[in-house]
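As recorded in TrEMBL:
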{"type": "ACT_SITE", "residues": "Glu97", "note": "active site, proton donor"}
{"type": "ACT_SITE", "residues": "Asp243", "note": "active site"}
{"type": "ACT_SITE", "residues": "Glu337", "note": "active site, proton donor"}
{"type": "ACT_SITE", "residues": "Glu355", "note": "active site"}
{"type": "BINDING", "residues": "Thr441", "note": "Ca(2+) binding site"}
{"type": "COMPBIAS", "residues": "494-509", "note": "compositional bias 'Basic and acidic residues'"}
{"type": "DOMAIN", "residues": "625-714", "note": "domain 'PA'"}
{"type": "COMPBIAS", "residues": "779-800", "note": "compositional bias 'Polar residues'"}
{"type": "COMPBIAS", "residues": "821-831", "note": "compositional bias 'Low complexity'"}
Amino acid sequence: CGWSILLTGVINDVNWKTFDHAYPADELMPLTCRGRVRGLEPSRGDIDDALGKFSLTLIDTLDTLALLNKTVEFEEAVRRVVADVRLDNDIVVSVFETNIRVLGGLLGGHSMAVMLKESGRMVWYQDELLHMAKDLGLRLLPAFNTSSGLPYPRVNLRYGVRGPETRTGTETDTCTACAGTIILEFAALSRFTGDPTFEAHARRALDFLWEKRQRNSNLVGTTINIHSGEWVRRDSGVGAGIDSYYEYLMKAYILLGDDRFLQRFNTHYASIMKYISQPPLLLDVHIHKPLLPARTWMDSLLAFFPGLQVLKGDIRPAIETHEMLYQVTKKHNFLPEAFTTDFRVHWAQHPLRPEFAESTYFLYKATRDPYYLEVGRTILENLNRFARVPCGFAAMKDVRTGSHEDRMDSFFLAEMFKYLFLLFAEEDDLPFNVEDYVFTTEAHLLPLSLSTASNSQAGEELDDSNFEWTCPNTRLLFPDPAFPRNLRKPIRSTVDKSCPRPTTHREPGMGRPPLRAQDFMASNPEHLELLRRMGVSLIHLKDGRVQLVQHATQAVSAIAAEDGMRFMQEMMELSSQQQKEQLPPRAVQIVSHPYFGRVVLTAGPAQFGLDLSKSSSGMRGFVTVAEPYNGCSELSNGEIVAGRIALLQRGQCMFAEKARHIHKAGAIGGIVIDDNEGSSSDTAPLFQMAGDGRNTDDVTLPLLFLFHKEGNILLEALKEYREVEVLLSDKARDRGETLSKTERRCEYEKMLICEEVLTQDCSTEEKDHTSPASLEPVDQSQLTTQEQTTDDSVLGQESVQPAEGLGSYVSVDVGEEPAVDGDSSSQSVDSLMADWQEDLEAFKQMEKDEL
């Protein structure tokens, strides 16, 4: 009772925070405390198809408020929906999500409103929610206009699926659950309104799926072509893509009383238990070869299945699978979006899915075993400890690190808290008898009074061998209270052996605490020793990369071998994550005499330090070779590096360590040059430098990476001219932007007064600013004064468009000077401009080549 009261307060608090911060948006963004409005936030792909600018969360949680006996809040929410929500939106939405969340929410809300009206409250209610539900149903109907009767996966709420204005209707495939999870809502709508159209379309879709089952295995695939009926994905399971198809066959029988649905469910269920169920696992198989597994991991959506098995009356496998899911949950705090057969993380996200809580509730209802109250308490405590944020509950981006995602789906309030409240509530806490209702897949409440005595079609023969007409009495099935515990014990043991819990004190390299992938440093002798003990070998490849190989037989013990496997898995996941976070290339542009911005070197970015893409001017400075060249210890020439961009060699320590050493010496930036001779951006993919697994917020300077070939160009320039100035930026700048006025005048007039200008002005400027005797960078105040006194008359008509983008490095022959004769001074400005234009065209061509 105490837990149900606590839950009521929590749900009420979150509901009002959602209303305060997000209304009338579809969802709450709990980290930024604002509403998620489709089109105003960055697209998340298919996830956003649930959003239709129809106050999704408010509609989805209507019957939750009624169940909590929040009558005043429920009535206010209904008034808001009726007054504010519009369904005639020019927006493309998911047929599946809109049906289960919005249509189901409106029908569930209508059921609650009718109940309250019959008890003397909400006497003003005149079926407004039902009218909205019928309006929405009519807007979904165009999606069913296919030769098969299977609906299109998406529909435009205003324009349907036909015509260019719909921006949909070109899809050919849909998931089995998407087409098979319509019958409850559409049948309820037909029976509430008296219009049989909706139920007829939903039945036709279900009939087609049944006909397309694989006749030998009696299984269905995951994805089907809505026109031809051919299976696109032929893997079959009880998780994502199929899950609620099976659920709705069983519940359609419960709600509608049609025997055919029970027959179909029992036929499928027998095949599921024969091919897919490998207690306690549920593994996908191929529909044509059901003895052949389709994958070695499970997704979290299958967590609903033990609850469905309870409705079926098959309690023993429900207990076993649920216990496996609980042990995985205890190890990761939440059920990962997907996990392997040895119960490790496969996909680390957790969007606060309610399926595990749903099964926990149904198992408690069936067995009255207090063990499931403890499971529910674990779920609730983990939500409060790890997911609760000031504005609600945030989805977990990674269950391993505890990082959050700015996301709170409407199903969290519609399902998760509804099932948890029902789990802990006593009968006196409930305002009505929930046994009079069936739960949809979104946990909306549809009254069983909609059922007919018999809806079987006349003349159709049913196969009685596929019927199990009654559910077993669990008290007779399990007379011994210890029996469920005996079922759970081996499951717990299996999970423990596959993924042993961490202990606090163990020998390094002998189990926990193991070496974590994000902490690994190839130059750390202790880490290398830990790898050796775990049977992991480190191989240095010719291109500078490091390859890790594990031989479990070479580990010092079985526990160390298991730690090695865990380390390798983490390393693969870390590498995959870094590839997903691929950054665009950067540019190192040599801007000093005699290059004047013509040489642009393609550079790799760092995942830490100053982000050059957010800097309009980049970082400009003179380069100096660090001592030691590898930058792995405190610099001995720190006084020279100060105020300059340090050149470093790759290898022997982490990139972040190099950055910290040059930062300490006072450098304004760094360039790491590859030590793998012959490497080039022409032939190698873009290289980006990762951090060292620790916080790198202390590194505030920019760090770029050059392959060996590009780095040699920079080193050769430094060797020949001693003082080389570069610009580090996100893309190459137009040469006019990289030159001072004197430099531009020299460049512009070099064919007019080449010898005189180069020997006087340019040389003077070089002496003033880049004298070999001075290792200090250009004094900006002096430069400004000099620029102000420079004659600008020659440059007054200059109009050159910058060449954007990043080309390959550009080599320039700076050894030759153009011949000068007596007529050179008479060369036209048009001719000079033509030369400039040629250069610009060359830059543009290089950009195209690079792309």
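Placement of Cβ uses the backbone N, Cα and C atoms for every residue, glycine included.
TrEMBL does not curate its annotations; it predicts them automatically.
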Suppose we draw a 10 Å sphere around the Cβ of Asp243 (active site). How many other Cβ atoms does it contain, all chains included? 25
C-beta crowding around Thr441 (Ca(2+) binding site), within 10 angstroms: 25
Of Glu97, Glu337, Thr441, which is closest to Asp243 (active site) if I measure between C-alpha atoms? They're all recorded positions. Thr441
Taking the Cβ of Glu355 (active site) as centre, how many other Cβ atoms lie within 10 Å? 24
Whole-number answer please: how many Å between the C-alpha atoms of Glu337 (active site, proton donor) and Glu97 (active site, proton donor)? 19
Active-site residues: Glu97, Glu337 - member with fewest neighbouring CB atoms within 10 Å: Glu337
Whole-Å Cα distance, Glu97 (active site, proton donor) to Glu355 (active site), is 16
If you average pLDDT over the domain 'PA' (625-714), what do you get? 89
Thr441 (Ca(2+) binding site) to Glu355 (active site), Cα to Cα, whole Å, comes out at 9
